Amino acid sequence: MSIIVYIEHIEGAIKKTSLEAASYASALAEQQGVDAKGVVLGTVSEDQLASVGTAGLSTVYHVNDDQLNAGVIQAHAEAVAQAFEKAGADTLILAKSSLGDAVAARLAVKLDAGYISNVVALPSTSGTYTVKRSIYTGKAFAESEITKTNKILGVKKNAVPLKTDGAPASVEALEVNLSEGAFAAKITSIDKANDEIPLPEADIVVSGGRGMKGPENWNLIEDLAKALGAATGCSKPVSDSGWRPHHEHVGQTGVKVAPTLYVAVGISGAIQHLAGVNASKYIVVINKDPEAPFFKAADYGIVGDAFEVLPKLTEAIKAVK
Amino acid sequence: MKILVCITHVPDTTSKIQFTDNNTKFDKTGVQYIIGPYDDYALARAVELRDQTGGKLTVLNVGEAETEPTLRKALAIGADEAVRINAEPTDAFFVATQIANHAKEIGYDMILMGRESIDFNGGMVHGMVAELLGMPSVSPVMKLDLEGDTAKIAREIEGGKEYLEIKLPFVAGCQEPIAEWKIPNMRGIMSARSKPLQVQELSGDVVATKTVAYEMPPAKGAVKLIDSNNVQELVELLKSEAKVL
Ligand SMILES: Cc1cc2nc3c(=O)[nH]c(=O)nc-3n(C[C@@H](O)[C@H](O)[C@H](O)COP(=O)(O)OP(=O)(O)OC[C@H]3O[C@@H](n4cnc5c(N)ncnc54)[C@H](O)[C@@H]3O)c2cc1C
Ligand SMILES: Cc1cc2nc3c(=O)[nH]c(=O)nc-3n(C[C@H](O)[C@H](O)[C@H](O)COP(=O)(O)OP(=O)(O)OC[C@H]3O[C@@H](n4cnc5c(N)ncnc54)[C@H](O)[C@@H]3O)c2cc1C
């Protein structure tokens with residue numbers, strides 16, 4: 001038996017969250033005394049392919065088909081199913097993502113596998129196979145047993161430390177047969193802000209709320225983000241009002257982030273917003289109201305006017321960087 | 001046009017989550033239930049599409065009798081009929097099997113769901129149902145228009161959007177801003193009482209997962225307050241404690 005990881009890339013660059021999933025897989029492989037392999041779909045250089053070895057994978061199957069460069073859900077599911085079979089795997093690991101979630105759900109049926117997502121730790125495999133996952137949007141955890149032979153685990157950010165000391169992986173080309181139906185959902189165009197750090201991947205996030213008063217003041221948020229090397233986010237009313245694009249909306253009904261540092265400026269800390277940030281390691285809150293509920297969820301807080309605090313903080317951070 | 005919207009019956013987003021029976025059961029005391037927020041978006045868009053194209057809009061829940069008020073609310077918002085598959089839903093694959101078996105019988109043109117439930121956050125039932133039915137699936141969907149038998153869809157990807165065209169039938173997991181949540185009006189509430197709500201028995205009971213215990217996250221320590229005139233102190237803490245600088 002072996003473990004296989006579905007590895008995503010952005011225009012040929014392997015995603016960091018996929019390397020985390022690979023690190024999880026290699027830790028699990030070690031625990032079980034088996035081998036961990038990966039599968040990459042689409043156009044990716046040999047160097048990038050081999051680099052997944054650093055996270056502990058022995059082999060990477062490469063399906064070099066440019067039709068798979070885009071995230072065609074059904075086609076990806078068919079290709080990964082064939083890699084799973086080729087590897088003689090019983091476990092598929094992947095990082096949670098907009099594409100990964102959609103692909104894994106179809107694979108659960110194709111592979112007759114038990115699929116658990118939002119996994120936060122390695123499974124316990126003595127006796128029954130149980131795994132810990134985050135539920136109620138981060139408000140609790142569940143220990144769930146998988147009762148099928150084949151297993152799929154969707155791993156949350158920071159579930160295991162990133163492994164970086166593995167040897168380069170050996171790359172094997174893999175041919176797959178894709179059905180006609182695999183391309184039934186036709187991608188006609190993609191609209192993407194390229195230079196930004198993607199929010200779900202970011203290690204530092206700076207978010208602004210209604211306290212920022214209007215989109216014309218977002219340069220203050222962006223300046224701090226730039227100084228910190230952070231991605232920018234916002235509260236729901238901010239994206240609802242069109243001050244910021246929808247994909248920046250953090251919370252229960254938006255992106256769930258899990259950065260090392262989350263900085264919330266002019267956000268009150270409604271429970272629905274907190275649901276999206278409670279996996280952050282450190283939280284800084286800047287709010288002029290000392291009673292703002294967000295302070296209860298914060299590690300560090302500054303009670304003050306964002307318009308005065310932000311420029312000072314940005315300068316102070318620039319000075320030490 | 002036959003549209004199916006699958007809805008969850010979940011604790012209100014402000015609910016305090018607690019467990020009983022030695023952390024093996026969800027504590028329902030004092031919990032208010034709502035239509036899952038993402039399912040609510042799917043329902044709102046489905047009402048608009050039904051009004052645009054005509055036809056019938058069915059809402060479905062896999063759950064026990066306690067979920068019927070939630071289904072009635074969906075009827076009040078504008079669905080034409082409701083189906084409850086009578087079973088305790090404890091596993092996504094089990095739920096997907098129930099939905100797919102029902103859908104096979106009826107032959108829907110479009111099946112809309114939320115991108116994920118807000119209780120178990122799986123984000124998987126739509127993909128499973130689509131695979132079981134041999135249909136395309138797409139999630140998370142933030143825009144959905146119909147032109148004849150083709151749907152024009154915008155799907156959220158990390159840092160942007162992807163635009164797709166899919167021929168009916170298909171399954172979609174929805175999120176905002178696909179439509180604005182609809183609040184039931186008095187007429188809706190009155191008419192919901194007489195709309196059909198059919199209870200069906202479960203078909204097959206294969207589960208793939210089973211939850212054995214729950215756990216609460218560790219409590220957060222007290223916040224360290226920093227004077228707004230001394231941001232330098234925060235910078236020091238970010239360096240020495242959080243180690244992000
Ligand atoms: C008493 C009780 C105990 C539960 N225990 C468990 C448990 O142990 N493990 C577990 O995984 N879940 C449990 N659930 C939640 C269960 O109801 C979920 O609906 C189901 O497991 C799917 O969860 P998911 O998060 O994967 O759904 P997702 O894949 O996140 O849901 C996506 C979409 O699918 C549709 N959908 C999901 N569930 C239903 C449903 N029941 N009826 C109609 N449409 C639906 C909705 O449109 C939803 O937005 C329990 C629920 C109750 C009431
Ligand atoms: C089902 C449901 C789902 C939801 N999902 C989400 C979600 O995913 N994400 C989300 O964010 N919300 C969500 N909400 C909305 C949520 O309840 C809150 O309304 C929202 O988070 C409030 O946004 P805010 O903090 O930006 O605005 P407000 O609550 O208006 O807070 C503004 C804050 O800015 C502070 N402020 C004002 N001026 C200044 C200044 N000059 N300097 C510093 N601070 C200042 C104020 O003291 C206040 O605390 C959801 C609601 C529902 C019902």
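Using N, Cα and C of the backbone, Cβ positions are placed for all residues, glycine too.
Listed in TrEMBL for this protein:
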BINDING   A:ARG210, A:GLY266, A:ILE267, A:SER268, A:GLY269, A:ALA270, A:ILE271, A:GLN272, A:HIS273, A:ASN287  FAD binding site
DOMAIN    A:3-187  domain 'Electron transfer flavoprotein alpha/beta-subunit N-terminal'
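Applying an under-8 Å Cβ distance to chain B, the binding-site residues A:ARG210, A:ILE267, A:GLY269, A:HIS273 reduce to an empty list. Computed over the domain 'Electron transfer flavoprotein alpha/beta-subunit N-terminal' (A:3-187), the whole-number mean pLDDT of the model equals 94.
Taking the binding-site residues A:ILE267, A:ILE271 in turn and counting surrounding C-beta atoms within 10 angstroms, the largest count is reached at A:ILE267. Note: A:HIS273 (FAD binding site) has non-local neighbours A:GLY209, A:SER235, A:LYS236, A:VAL250, A:GLY251, A:GLN252, A:ILE267, A:PHE294, i.e. same-chain residues 6+ apart with C-beta under 8 A of its own C-beta. Within the set of binding-site residues A:ARG210, A:GLY269, A:ILE271, A:ARG210 have a CB atom less than 6 Å from some atom of ligand 2. In this structure, A:HIS273 (FAD binding site) is part of a helix by DSSP.
Following the DSSP three-state reduction, the secondary structure of A:ARG210 (FAD binding site) is helix.
The number of other CB atoms found within 10 A of the CB of A:ARG210 (FAD binding site), across every protein chain shown, is 16. In sequence order, A:VAL285, A:ASN287, A:ALA292, A:PRO293, A:PHE294, A:PHE295, A:LYS296, A:ALA297 make up the list of same-chain residues 6 or more apart from A:GLY269 (FAD binding site) whose Cβ falls under 8 Å from its Cβ.
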